[in-house]
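**Student:** Mind having a look at this structure? Questions to follow.
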């Protein structure tokens, strides 16, 4: 007897498609939200979160701004008095070494933040960052203790780099998990607002000191002042972070893990409990085996942002003075003005990413970098004030498109239970290999090739890589983070979100139900109902 086929108005007997549609129907029914699935953000807590994380980034980039602007001075203080170019390269090499230990910091602090909480790890990184920067200001120079001086400088940079390995990823994770879905771009942009405020404060302080006491005074004692300022800044940041609460997303994830452990223990299954006691090896394995695609996208976007960032903020002052022979004060003021432009525009870009999406802004910035890098460097190379100012602003306009969107884009690539660890590892690998080494490689390439357009070619390559990563990026603006429920600002928004989810889930479930009852009508079914 031949197998029975689908009856008109009946069930498609023995069909694999039936099983698929039933699974889809059940999943669609589960997609409707209950009011307890939606988190209403605590507004005072959200403001504290933004301020406390932003000050950590301010602290980190205050150090970078100071280091970039006193690179020539530090070369004279900590390295033998040979060729000035060698001193500069040696100083930037010490700068780059700190980035080489950042992945180690990410490997330690990231998974730790997924296990014990974001707040506790961020407090620890703040203490270490402040101590490493403050310590530089206390060091004796090469003329006093010889080769021990650069070794001590290197040790302080290693401490600072190791702690920074858990800082930015933790701060972006913290803000993203506290921000409402519809405002994540705007609130996240304040983190990088702190980045450029810190850089502007550091570089501005060095510029004022240099103008006040001259280059001789800076070499003798003035270089210490900016590093010593890091001590009070670190204490303020630590106080603010100790007042923070844990993020709602982490609390919910911890509660789910505790319930799963209790259920396993009740059934005599101790394997999940034992895994929870491990040092994070299982999480690391999951990150590299199940989320490697998201990690590659993250690394490409981080490369795009950080190569541009370090080229403009850390290398450009030295490039304009040591390579192009331009006036040091003019170069410092132009780069500082570019940073102030970024500061003024960054939250506007962040708000725009909530409205237009993260992906269009990354596309615009990466394409702009490829097209405008050479014209911008040619303008900077032209000399004077006006042409270099226009060139710096062109680079600043590209930079702000990445700075205003990164803090909201990167955490959304990973699920809550692995977010801090996965983001720390991928972010710090990219920064260490490509971002932090930018000043060193650019200065070495210029010295080797004698081609002053090297910075432009470097930026163009970063733009191409960033463009490729952006093409694989899924839009996340206005959507809940992976592994978390919706985040809203008011109770009314929560009720609206629940009602909309039920309407949408009901429509999908109805479509699947019709195809179950009338399979001959499913020839034109939408692909999304099969997924």
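Cβ atoms here come from the backbone N, Cα and C positions, even for glycine.
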**Student:** Any idea which of 190-213, 214-237, 238-261 is down as transmembrane segment in TrEMBL?
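**Tutor:** Checked against TrEMBL: transmembrane segment maps to 190-213.
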**Student:** From the ranges 26-44, 121-139, 140-158, grab the one TrEMBL calls transmembrane segment.
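**Tutor:** Range annotated as transmembrane segment by TrEMBL: 121-139.
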**Student:** Please find, within the list 292-311, 492-511, the residue stretch that TrEMBL describes as transmembrane segment.
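**Tutor:** That would be 292-311, the stretch labelled transmembrane segment in TrEMBL.
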**Student:** Which one of these stretches, 161-180, 361-380, shows up in TrEMBL as transmembrane segment?
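**Tutor:** The range carrying the transmembrane segment annotation in TrEMBL is 361-380.
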**Student:** Pick from 61-79, 270-288: which stretch is listed in TrEMBL under transmembrane segment?
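**Tutor:** Checked against TrEMBL: transmembrane segment maps to 61-79.
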**Student:** According to TrEMBL, which of these ranges is transmembrane segment: 312-330, 331-349?
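**Tutor:** Result: 331-349 is the stretch TrEMBL calls transmembrane segment.
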**Student:** Considering only the recorded stretches 61-79, 121-139, 190-213, 386-413, 425-447, state which has the highest number of Cβ pairs under 8 Å to the transmembrane segment (292-311).
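**Tutor:** Stretch with maximum Cβ contacts: 425-447.
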**Student:** At an 8 Å Cβ cut-off, counting only pairs 6 or more apart in sequence, do the transmembrane segment (190-213) and the transmembrane segment (61-79) clear the bar of 3 or more pairs?
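**Tutor:** Checked: the transmembrane segment (190-213) vs the transmembrane segment (61-79), in contact.
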**Student:** Out of 61-79, 121-139, 331-349, 425-447, 453-473, which stretch has the largest tally of CB pairs under 8 angstroms to the transmembrane segment (386-413)?
**Tutor:** 331-349
**Student:** Near the transmembrane segment (453-473), which same-chain residues lie under 8 Å Cβ to Cβ, leaving out any that are not at least 6 residues past its ends?
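**Tutor:** For the transmembrane segment (453-473), the sequence-distant neighbours (Cβ-Cβ under 8 Å, at least 6 residues beyond its ends) are 293, 296-297, 299-301, 303-305, 307-308, 311, 315-316, 319, 358-359, 362-363, 365-370, 373-374, 376-378, 381, 395, 402, 409, 434, 438, 441-442, 445-446.
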**Student:** Ranking 61-79, 361-380, 425-447 by Cβ pairs under 8 Å to the transmembrane segment (121-139), which is first?
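**Tutor:** Looking at each of 61-79, 361-380, 425-447 in turn, the most contacts to the transmembrane segment (121-139) are made by 61-79.
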